[in-house]
Amino acid sequence: MAVYSAVAWILLFGVLASLGAQNPVSWEVQRFDGWYNNLMEHRWGSKGSRLQRLVPASYADGVYQPLREPYLPNPRHLSNRVMRGPAGQPSLRNRTVLGVFFGYHVLSDLVSVETPGCPAEFLNIYIPRGDPVFDPDKRGNVVLPFQRSRWDRSTGQSPSNPRDLTNQVTGWLDGSAIYGSSHSWSDTLRSFSGGQLASGPDPAFPRNSQNSLLMWMAPDPATGQGGPQGLYAFGAQRGNREPFLQALGLLWFRYHNLCAKRLAQEHPHWGDEELFQHARKRVIATYQNIAMYEWLPSFLKQTPPEYPGYHPFLDPSISPEFVVASEQFLSTMVPPGVYMRNASCHFQGIANRNSSVSGALRVCNSYWSRENPKLQRAEDVDALLLGMASQIAEREDHLVVEDVQDFWPGPLKFSRTDYLASCLQRGRDLGLPSYTKAREALGLPPVSHWQDINPALSRSNGTVLEATAALYNQDLSRLELLAGGLLESHGDPGPLFSAIVLDQFVRLRDGDRYWFENNRNGLFSKEEIAEIRNTSLRDILVAVTNVDPSALQPSVFFWLAGDPCPQPSQLSTQGLPACAPLFVRDYFKGSGFGFGLTIGTLCCFPLVSLLSAWIVARLRMRNFKRLQRQDRQSIMCEKLVGGVEALEWQGRKEPCRPVLVHLQPGQIRVVDGRLTVLRTIQLRPPQQVNLILSSNRGRRTLLLKIPKEYDLVLLFNMEEERQALVENIRAALKENGLSFQEWELREQELMRAAVTRQQRGHLLETFFRHLFSQVLDINQADAGTLPLDSSTKVREALTCELSRAEFADSLGLKPQDMFVESMFSLADKDGNGYLSFREFLDILVVFMKGSPEEKSRLMFRMYDFDGNGLISKDEFIRMLRSFIEISNNCLSKDQLAEVVESMFRESGFQDKEELTWEDFHFMLRDHDSDLRFTQLCVKGVEVPEVIKNLCRRASYISQEKICPSPRMSAHCARNNTKTASSPQRLQCPVDTDPPQEIRRRFGKKVTSFQPLLFTEAHREKFQRSRRHQTVQQFKRFIENYRRHIGCVAVFYTITGALFLERAYYYAFAAHHSGITDTTRVGIILSRGTAASISFMFSYILLTMCRNLITFLRETFLNRYIPFDAAVDFHRFIASTAIILTVLHSAGHVVNVYLFSISPLSVLSCLFPDLFHDDGSEFPQKYYWWFFQTVPGLTGVLLLLALAIMYVFASHHFRRRSFRGFWLTHHLYIFLYILLIIHGSFALIQMPRFHIFFLVPAIIYVGDKLVSLSRKKVEISVVKAELLPSGVTHLRFQRPQGFEYKSGQWVRIACLALGTTEYHPFTLTSAPHEDTLSLHIRAAGPWTTRLREIYSPPTGDTCARYPKLYLDGPFGEGHQEWHKFEVSVLVGAGIGVTPFASILKDLVFKSSVSCQVFCKKIYFIWVTRTQRQFEWLADIIREVEENDSRDLVSVHIYITQLAEKFDLRTTMLYICERHFQKVLNRSLFTGLRSVTHFGRPPFEPFFNSLQEVHPQVRKIGVFSCGPPGMTKNVEKACQLINKQDRTHFSHHYENF
């Protein structure tokens, strides 16, 4: 029951609603857009429909290319020769000017083809050289632009379907010039009150044009003024072109409102819509009647046939022939000026812009004029209408006044153009047929001679036809329809134009079912039709202007004799103001500086970012240094009393440095700001010291010249400071008994006389060269020549003596070292504190050519301090201490005593307290070969090759120079005996036993052999040709990096393909958009790079999916994709992307410039959603493109974000301010938001960024969520320990389910230092351990503060330690060590941390009998001193204790020792080997590992590995440390891989 009630109520409300919604009109309302005026073809005559040809098209290619010169004449030339003539010739039929402009109003109601087509195509008019209007300077390069009109996109495809233009208004006489061509346009014009059209402040005028009403707003060609002000809202888009058209538009506007007002009075119950539609219906009918039955007969001098009724099968479409015929005939009647009069026949004077007064409005200065002071009131408009009704038009012939011919409103940059030339180009654009073909098609008699076109013209002015014939090469078939039609005209349109126009109007009438005479459409009754037929334009004028009917003639389209208010005279150019001349608009005027400044600002983004990064880095370094200063005592308290501040001048090209000069007993010390001793000058008699003072420039320079030293030049702030130091030096010299001289020189001469350190260095270099040339028998030419420019320099070089500091520097040692003291004292025979050439030569001969006995005797004398011929145990301990000074190792006194006792006991001298030389030499008997190859190493001096060969040691890092195994010694001896007499080098066959030091690590007994000369062992012939080595190196490179190369090739192939696809598209396939015609290079570059950038910035996210990479490393994909190189690939992609971004920006800079100088008609084609061509022409300025568009503003912000991110991500700033890098790199979120917005505006093409971005973004977000789920869990620190060398050891809880592998790394954040700043560190714990551990070196502010925070707490609990956030683990290349049968681990500095975990993991797996593919690991630890990372020594010691299977071979390199094999290093080597032989431990580290002094020579080491492991075809090399070290390892691997033997696969990580 309830359901029935609901249905009843619904039906009741529906009936009530239908009763209340009555239709306000009782007839079928005519649409505004022209649809359904013909029911046969609904689209006929609608807005946007195409023109319908009367004659087939005539295009050059039969499709769309217009006919051009030279087939057709130049349009400007044709206009000048045929259509130019004087003004002031009245119409032969006395037609009025009102009829002329009413005809233009009718045409604006019927057709509009002026709208430029898209893409923009130009059919420019080339101006003949010296044209008086357009080329008065005779440049010969003037081109008037002509843009082709809009066409139907479905046409222009083939000769059977040639291009057809479209009509931008309705093709009916339906009042579209009054009400608009669309419903929305009409709504904009309406007031929606009383059925009237909206008016402005004055009811007689419509409101001004608004943005919602897209009126044509061309700039005033006379003044250049533009904008919508002063333009009225009409139905015709170009209704404001002249005041005369405006007056007619105002006439019909006022007439509609008058009709609506009368209807409202007659029918007060009607609403707005009913009133508006009734008034519109009546106005359109009146307009049709006047146009068809009053104006058309006056125009053609023919009466149209009687109305036969509506014919639905008749096509009423506008023809292109009609467009040209009607417009051109009207243009011949346009006068140079227009009168204005009142109802009493008073013709008004017109005040011009130059304050002059003329009798009429000048037409050429009235185009698109705004706010004309003579047309501000309704009376002014009435006066203009009355004046046009009384003024006789120009003669109907082929001539056109200059106001139309030369000063028509110009398109684009030109303020003026030739109207007739433009019309000729329009006809060619329309593809109009020739004059003869048109006559033939319309059934007119053919014309076979030029004189037959217009016999009257031929008789009166035959030269015109002759000139026309000459322009068309006497070929009548080429004569264009427009030119031929004009030549036919004489008082009336010629037969051709008349036939075209009449045919068009008849078809419009008969094919329109809304025609007012059609009594079947229900619009009007017969009485109303009769009333409309009796209404003329004179009636409209009288009704609107309220003038007396006697003030107007009966037919306002003619002025006949006897009609009221005759014109004063036929207007000519005489007495009228001159036309404003042509000017060319510069769209970029005033923008050059701002545009350049904008580009400069964009280019400064990286510089500003660089400056910001530098400031941040400086602040961070300042804070870091302040933290470091807090950890050590201030050095200011160590300043010596009496120090004098000065600047030391070091040479003309060297900067001055601030120093402190201290006078101490017997010496002068020069120190820097940190009190580091720069130089010590000994004051010993009988030296002669010279003090030279400057005598000019403030007398503030001092030169201290001491014999056998380089000079000290000091600059002071003032003379008083210099004088105080000089007095102190005088006193010190007198106190030490030194004589001195003092004089003054000009400062320039003083500095010229000074011997700088650099000059002294050149002298010492010559000294050493000639010294070694005598000792080592080096060729004199190889040693260099003494300076020969002056005898003084030669004498100085020969008499040069070395100071103690120079002697120490030449050995690469410190002057205060005990070794230097002992050596120098021994060599300085005369005790003068300097070594002469002969003294140095004597001791050098012993080291270079002496026997082992002579060398040991020299060593014995050096350390026999009391000179009694015996060395006591205390002296032996002092000697040993001097040996180990270089390593900065401070062994305890007990340890040194233990070493000495062991050496005495080993040699059988345990009962002796003192040793003779014989005893000392006997103690060194096992190291005879070491002493034999000992030399005194001098910095900068190359040792001859033979000495180098002798000095190569028996070690695992070099090729054996002695027979390496007992079973080979006899064979070596036999071969050597056989070849002893041969000049060839002795050879030794290849040894297959491990080298000596490696065998020692396996516990094999080593037998000592005498050194024998032989060539290096070769498994096969070594190809030495550079070409073969290059090929081999290339093969190894491909083998090492085949996965990298493959991935890079695939990635960049896709990137290049995307670039090429977009570049090809916009270069060759995007002509339909027209953008390549505007900016070819810019658009190709910007769109091609945009595609590549979109791909790169999307897929770069995958390189940062750490969890995904760690997982995929364990899959089969790792065989094809080098996941360990993800970070390097990330940097590689980023570097390429920023380069493409710069190119993309450069392309858009070109685009912006070209868009800023492109007219609006072109821009509206390129960006139809952004611009509408309203005739204003002026494009947007450059700043609009940069800062007021979404792509522009986001692009600028993107450049800023990228500049910040890239600068702070550089290696330099990342090391100095990791926090700055961390924070700025989080701009990537902002970056991707901007990228999405930037590409989503669809300015040039539809958005494509999401195609590349979605998949990587989803994967990346998922990976981040995985990290986020675990990295926000607080982890407690179990133990924190501060280790030497600024290393902090953290041991913290292992989260549940945390699985990792040795060599992996994690990211941690300390809650006390911020919860968002994560830093990566390698795990040093082994996977089997219950806790996790990190060793973190204090290398920056964050790690330094971390070290402070984890200082030892006062209690025993770990609760006071700040907690951590942990993210990881993540994989690295070092994780693959177990995949190689033999692996080499090379760690330097803090780069040893990943190997600590690997070593512990390997030993653990071997101890539990776990199957491991890796059979041998060589661990090379490179450190400045063994004390640098003592925590690693503890780990190595643990490994040695647990390594029962000898899986790990550890070698430690101490690089702070002298790098070359000098005497002291030899002795240190002897002591180290002796200590290791006795206690099986290193003297320095306390480990069983082999300790070496210097840097590891990787290439010989890798060579020896091939001998030790001949069956292993691939060895893994893993290095971690500074870039210099990893580069050396990489270089060694590349060199070894040139040989076609064992392959070394290198994986490295820098820190």
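Each Cβ is built from the backbone N, Cα and C atoms, and glycine gets one as well.
Membrane topology as recorded by Swiss-Prot puts I127 and H1172 together on one face. According to Swiss-Prot, of the residues N534, N1480, N534 is the one noted as N-linked glycosylation site. When N354, N1442 are looked up in Swiss-Prot, the one carrying the note N-linked glycosylation site is N354; the rest have no such note there, which does not rule it out for them. Contact check: the transmembrane segment (1189-1209) against the transmembrane segment (1249-1269) gives fewer than three Cβ pairs closer than 8 Å, residues 6 or more apart, which falls short of the contact criterion. The Cα atom of Y834 (Ca(2+) 1 binding site) lies nearest to that of N354, taking the glycosylation sites N94, N354, N461 as the candidates. With Cβ pairs under 8 Å as the measure, the transmembrane segment (1227-1247) is packed most heavily against 1081-1101, out of 597-617, 1045-1065, 1081-1101.
A simple way to gauge crowding: the CB of N94 (N-linked glycosylation site) has 14 other CB atoms within 10 angstroms, across all the protein chains here. Residues of the same chain lying 6 or more positions beyond the ends of the transmembrane segment (1249-1269) and with a Cβ under 8 Å from any Cβ of it are 1094-1095, 1097-1099, 1101-1102, 1104-1108, 1232, 1235-1236, 1238-1240, 1367. Between N461 (N-linked glycosylation site) and N534 (N-linked glycosylation site), the C-alpha separation comes to 43 Å.
Around the Cβ of N461 (N-linked glycosylation site), the number of neighbouring Cβ atoms within 10 Å comes to 16. Cβ neighbours within 10 Å of N534 (N-linked glycosylation site), excluding its own Cβ and spanning all shown chains: 9. In this structure the C-alpha atoms belonging to N94 (N-linked glycosylation site) and N534 (N-linked glycosylation site) are separated by 23 Å. Broken down by DSSP into helix, strand and coil, the topological domain 'Extracellular' (1066-1080) contains 9 helix, 0 strand, 6 coil.
Summarising model confidence by region, the region 'Peroxidase-like' (26-593) averages a pLDDT of 92. Here the CA atom of N534 (N-linked glycosylation site) lies 26 Å from the CA atom of N342 (N-linked glycosylation site). Residues 613-614, 616-617, 620-621, 1204, 1316-1319, 1340-1342 of the same chain lie 6 or more positions beyond the ends of the topological domain 'Cytoplasmic' (1210-1226) yet place their CB under 8 Å from a CB of it.
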